[in-house]
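Annotated in Swiss-Prot:
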BINDING   40-47, 291-300  FAD binding site
DISULFID  Cys141-Cys144  disulfide bond
Amino acid sequence: MIENTLKIEHHKLIILGSGPAGYTAAIYSARANLEPLLFTGNNKGGQLINTNEIENWPGDSKSLTGLELMERMHNHAKSLNTKIIPNEIIRVNFFKIPFLLVSDTNQYYTSDSVIIATGASPKYLGLTSESKFIGKGVSVCAVCDGFFYKNEDVAVVGGGNTALEEALYLSNIARKVYLIHRRKTFSAEKILISRMLNKTKKNIILRTGCIVNKIIGGVNGVRGVQITCNDSKENKCLINLSGVFIAIGHAPNTKLFKNQLFMKNDYILVKSGIHGNVTQTNIPGIFAAGDVIDHVYKQAITSSASGCMAALDAEKYIDQKYGFKI
């Protein structure tokens, strides 16, 4: 029950998330006169702000940083009078219309439609020794923390785009960069693999077919990692270093919506298909876009595209259900 004394704000459309999907949804829905309200969440700009170089954004032949791109999107959405709130939604009820959302400031909101674009968060290895050193030598962001390891030895764990981007970035700061990957081959883009292999002539050292068993350190932080390699005669070996950067993928931020929306492996299920309304969830009026629905492509541009589709789907839903003149 909501007490009558509480002030409840009502909006046609509320967008959760401030990555490429969220901001693109805001731009399109604002142009449709839906007057969207966007909650940035705690991770303003999404995980893209930690990307040092984006070389595949159409129209930008010269690379730009993730922060630059997200600032552009933020400013674009704001210029169209999107109301942007730097808070997080901590509770939702999608079973009643209008939909109810509660922020971390205990402000209540209702909405005719919601677009979920809450993105994903970095995964950790799950080691007991890892959790002790988060912020003390264990990091998930080379752009954020790489500076602290100038002329020191570090490791990057992973084999995808993020891992190779982190390794390449750190190779310009650290003395040595150990790239530890559980497989023998990398899943990153070919151009990144080529650049990384070229850097093996300098200061990137490959440890493929290896897993991290333990992160070793003391009161002053990380001192090394213990790894097990398939082709190692000793099987286990210790690498002395000062920092470990984890880049093994991301998990969608969808916990808030469990028991209300249909999911598979924590990814929100949407209609897809060829008949439109592709971003709708199992609840009409609730749409999802970006990394919360995509475990395959995981690109800024595909997130942005799905944000566009979600806005168009929401516009059609609101127009048909409520008859707004858009």
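Cβ coordinates come from backbone N, Cα and C, glycine included.
All features noted in Swiss-Prot, drawn onto the structure.
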residue	record	DSSP class
Thr40	FAD binding site	coil
Gly46	FAD binding site	coil
Cys141	disulfide bond	coil
Val292	FAD binding site	helix
Lys298	FAD binding site	coil
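By the criterion of other Cβ atoms within 10 Å of the residue's own Cβ, the least surrounded of the binding-site residues Thr40, Asn43 is Asn43.
Here the Cα atom of Gly46 (FAD binding site) is found 13 Å from that of Cys141 (disulfide bond).
Around Cys144 (disulfide bond), the same-chain residues at least 6 positions away in sequence with a Cβ under 8 Å from its Cβ are Asn50.
The two recorded residues Thr40 (FAD binding site) and Cys141 (disulfide bond) have their Cα atoms spaced 20 Å from each other.
For the pair Asn43 (FAD binding site) and Cys141 (disulfide bond), the Cα-Cα distance reads 13 Å. Counting neighbouring Cβ atoms within 10 Å of each of the recorded positions (Cys141, Val292), the lowest count belongs to Cys141. For Cys141 (disulfide bond), the nearest of the binding-site residues Val292, His295, Lys298 in terms of C-alpha separation is Lys298.
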